[in-house]
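Enquirer: Take a look at this one; I'll ask things after.
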Amino acid sequence: MGVDICHKYDRRVRRTKPKSKDVYLELLVKLYRFLTRRTNSKFNKIILKRLFMSKINRPPMAISKIVRFMKKPTREGRVAVIVGTIVDDPRMWTIPKLTVCALRVTDKARSRILKAGGEIITFDQLALRAPTGKNTVLMQGKRTGREANKHFGPAPGVPHSHTKAHVRSKGRQFERARGRRTSKGYKK
């Protein structure tokens, strides 16, 4: 009699290539695969892994956040590297001179960086300039910044839960009666 082995945990779920069929992304993957293999650099390994990621795991990053991170001591003159999109922040009046490398830069952010005397480079240019990631600062946007993330966590209503409930409307009759008002049963 044979033993039925559980193969439930055999497969390690991780991406080995991007889901997207974008030819330019595939070329970048080819380039960083080569660099990861030939240079013993952790930087290239991280870039390659992030190129495989879904759009949700490559959140956009605002100029203001990049500026804040680049203002730290010892980071002057370095290249800010973002495997994702750089977006503009209209709350910031002036931006300093920056050298950034990203997959995408929105039109407004692009014009502001260039107007400040900065430079925007692509990942293939970065590979020539810093094949091992020397003089670069690798950053990423906040992954839990999406509205959907507010609904994740312990059920809304349980003690110490800050999870947002899926409510049809914010009116008086919607989750604002029993347990919320003394006139309706009790108030917690």
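Every residue, even glycine, has its Cβ placed from backbone N, Cα and C.
As listed in Swiss-Prot for this protein:
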type: REGION; residues: 147-188; note: region 'Disordered'
type: COMPBIAS; residues: 161-171; note: compositional bias 'Basic residues'
type: COMPBIAS; residues: 178-188; note: compositional bias 'Basic residues'
Enquirer: Under DSSP, the compositional bias 'Basic residues' (161-171) has how many residues in helix, strand and coil?
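Expert: Breakdown, helix to coil: 0 helix, 0 strand, 11 coil.
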Enquirer: How does the compositional bias 'Basic residues' (178-188) divide up by DSSP, counting helix, then strand, then coil residues?
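Expert: Helix, strand, coil within the compositional bias 'Basic residues' (178-188): 0 helix, 3 strand, 8 coil.
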